[in-house]
Amino acid sequence: MEIADVARTVMERCDVLAGYSEEHGRLTRRFASHPMKEVNRLVETWMRQAGMATRQDHAGNIIGRYEGQGSSEKVFLLGSHLDTVRDAGKYDGVLGVLVALAGIELLHDRRERLPFALEIIGFADEEGLRYHYPFLGSKALTGSLEKSILYLTDEQGIPLIEAIRHFGGKPEALIFHCSEQKRYDDWLGYCEVHIEQGPVLEAKGLPVGVVTAITGLSRCKLVFEGEANHAGTQPMALRRDALCAAAEFVLAVERYAGTVEGLVATVGQLQVSPGAINVIPGRVSLSLDVRHQVDAIRREADQKLFEEAIQICTRRGIQVAREEMQETPTIPCTPWLMQLLEQAIDQVGGMPCALPSGAGHDAMIMSRCTDIAMLFVRCLGGISHHPAESVCIEDVAQAIRVMERFFLLLKQHVL
Ligand SMILES: [Zn+2]
């Protein structure tokens, strides 16, 4: 089997899976939908052709197992998700499942068995489009679902519990747990291949990169309270315009983030009230999203930005209040697995490159139970969650080469 042929098959399969959509003319594949069922069947067929035994779990994750030699219970996990966002591209999620499968096809072709089993998981829901509950598949697999989610309803009013039954799962068999971490002794680790969804690899001219960490974030809401008044009668010097204060703050955020390496900060939502053409804005509420790979730098930035908001508001006679929304710490990838991926890249003639992930992935959830690693594949213009998402076949071939070498290094490491 030639790598170029295997890579071509991966590209063709991405095209085929992109045809399974709930919407005409664009790709949308939500949890437990009919197209998702067809995709699971197709991926299952390909897994069996690669010598794997398959099963679908109660959350609808499709899992293929390539047995190891002997009676070892140990298993190394691979995978990504098979659901999509609305009007998605062809590669986000799907590519990770198919590249892992390509690596196993190469082993199967050589009749090679490792001293442990390999499992590929096609997660049924990562994007959370249908129930606004992301990472459903990996949370189910790791036993970290919250029980209350069973009664979430979709746009048609169908509860999640029904959707799970309809998809062939038994909701009562799902393991609900908690935030508590549980390590699975049989799991050696988890590796996820994914498109980068950013511009770093393209800028460096590299096909693949090793993820160092999944970046943490802080989200809050800031409410600027001034005084609404007549736009015609109130002189400029006497105004307490909440929007002018908010606008000054938005630019301060941009300026500050530009001075700290690796920091990104975004004001993505802004509500102005009363929001009339002839009224001075009395109240503005805005969202602030701050991310950095180092939690301490992120927290410091978040704090500094709030202090800046207070200064701006004091000067302008405006009140400002802060409401916490979310804080997620950075999830570091596991050093020994990162090293194996870097060695694998080096041994297939590539240049190892380390980069953080700004987006969330199933690997984040898997990290609660096992060691994790991620391999990013360059994507055109860093575009994702869009039909223009694009990867090139040579990069996919390189990712498959790295995967194949990674299996070999893993074997040496485990022995
Ligand atoms: Zn994804």
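Placed from the backbone N, Cα and C atoms, the Cβ positions cover glycine too.
The feature Zn(2+) 1 binding site is assigned by TrEMBL to His81, Asp92, His194. There are 29 other Cβ atoms within 10 Å of the Cβ belonging to His81 (Zn(2+) 1 binding site). His81 (Zn(2+) 1 binding site) carries a strand DSSP state (E or B).
Positions annotated as Zn(2+) 2 binding site by TrEMBL: Asp92, Glu127, His385. Taken residue by residue with DSSP, His385 (Zn(2+) 2 binding site) is part of neither helix nor strand, so it is coil.
Marked as domain 'Peptidase M20 dimerisation' by TrEMBL: 214-309.
Residues or ranges marked as allantoate binding site in TrEMBL: Arg219, Asn278, Arg291. DSSP gives Arg291 (allantoate binding site) a strand state. Taking all protein chains in view, 22 other C-beta atoms sit within 10 angstroms of the C-beta of Arg291 (allantoate binding site).
For Asp92 (Zn(2+) 1 binding site) paired with Asn278 (allantoate binding site), the C-alpha to C-alpha distance reads 46 Å. Cβ-based neighbour count (10 Å, all protein chains) for His194 (Zn(2+) 1 binding site) stands at 26. Only Asp92, in sequence order, out of the binding-site residues Asp92, Glu127, Asn278, His385 have a CB under 6 Å from ligand 1. The Zn(2+) 2 site is defined by Asp92, Glu127, His385, and by the 8 Å test on Cβ atoms against their centroid, the other residues of the chain that qualify are Thr84, Val85, Ala88, Gly89, Gly93, Glu126, Ser384.
For the pair formed by His194 (Zn(2+) 1 binding site) and His385 (Zn(2+) 2 binding site), distance between Cα atoms is given as 13 Å, rounded to the nearest Å.
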